[in-house]
Amino acid sequence: MATAANQIGRITQVIGAVVDVQFEGHLPAILNSLETKNAGNRLVLEVAQHLGESTVRTIAMDTTEGLVRGQEVTDTGAPIRVPVGEGTLGRIINVIGEPIDEAGPVKADSLRAIHQEAPSYTDQSTEAEILVTGIKVVDLLAPYAKGGKIGLFGGAGVGKTVLIQELINNVAKAHGGYSVFAGVGERTREGNDLYHEFIESKVNADPHNPDPSVKSKCALVFGQMNEPPGARARVALTGLTIAEDFRDKGQDVLFFVDNIFRFTQAGSEVSALLGRIPSAVGYQPTLATDMGALQERITTTTKGSITSVQAIYVPADDLTDPAPATSFAHLDATTTLSRSIAEKGIYPAVDPLDSTSRMLSPLVVGEEHYAVARQVQQVLQRYKALQDIIAILGMDELSEEDKLTVARARKVERFMSQPFHVAEIFTGSPGKFVELADTIKGFKGLVEGKYDHLPEAAFYMVGTIEEAVEKGKKLAAEAA
């Protein structure tokens, strides 16, 4: 066992984010956290390799400028530990659990190591259950599994962040669950904007001047683009550790990762720094193992669930690139946001034909839901096929049957839009949470032609089908 004296080592070499530390007689275990001071600040190093009998190679969690050879380093005897519990809600912490929102220390229930084993088979729940999000297009066509993993694809400016905010808001309201947002290697400006948007849209309370009527629903963990690769490779684990603690206390937790590609990218940088031989396209040889170690911890246990929504950047739009291809293997559902739908003013801009889910099976969602979803996709697919003809020859050249299909498809498309709670402050229209039964009923009536008499505009930005009928009456009265 290590005594206090031999828990102290000395730095022998610093190469960028890699620091070698020599210990006499006792070597810290792999993944142990070592601490030193750099310009008065705490610097955490994580043991990655043992070199020879007395030296460990570590990855720094912050910048290493200013470190000198011979400097003392202390072995903490445990992996990196971060604060967990309700004290983290509404706060921003970094990879090592320090608050970075200038609102004082985090009031944590306890500390928990960021490296944990995935739950054993006996602890996992095997029931296939749907997480109702209250967002019509998602619940109908690509339903999320409780404890599942969802990939969120979308370019810049199509509404990824607003969709994420609405999911956080709805899960908190409908399921009483908390959320954890891990910003992995993305822009610091976006992280800052997100933090302030969460406060404005009442997802979180402002820690600087708290409003007693607002309860924070989301913890934020950031390791942004400017951080060294060590921090970016570990920040997703820090966020996951906070989520696991909520889950073990019986919560249904939402865990957001933006962006899962940056986790792989940081892993590849660390791997190169450690001198490992790269594999395909320059990625780390342990790519699948690293991804598996993270993803296998995201699951439903007998106590609670972690449902994860992961934004996935696809480098050069190449879906066969090893990084996105490895993450696809773990996904239960994909939600694809489309620019062409956003251009029509239909929000959320979810592509109904490109979004998929493993849960959309009659055995899980039931015969009626499955049949309605497939009919909706059929109508939209037919409309898509007819668009070229409409563009060249116009609507008049279509058969009566096709005209009816187009009219219904356009109504279905508009009915997929809905006002969001988190966008109320911008749009002025109150947000809507639509129950699954109402969603199925509405779309079923639409594809069966029950609402053929209503104008298209009646279906735009409403919640349930009853609201669309009301809006239709109002529009008719105004026109009369």
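Numbering starts at 1 and runs along the chain as displayed.
Here the Cβ of each residue, glycine as well, is placed from N, Cα and C on the backbone.
Feature annotation from Swiss-Prot assigns ATP binding site to Gly154, Gly155, Ala156, Gly157, Val158, Gly159, Lys160, Thr161. Gly154 (ATP binding site) falls within neither a helix nor a strand when secondary structure is assigned with DSSP, and so counts as coil.
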Mind telling me which of the binding-site residues Gly154, Gly155, Gly157, Gly159 has the densest Cβ neighbourhood, counting other Cβ atoms within 10 Å?
Gly154
Fewest other C-beta atoms within 10 angstroms of its own C-beta: which of the binding-site residues Ala156, Val158 fits that?
Ala156
Around the ATP site recorded as Gly154, Gly155, Ala156, Gly157, Val158, Gly159, Lys160, Thr161, what other same-chain residues have a C-beta within 8 angstroms of the site's C-beta center?
Leu337, Ala342, Ala349
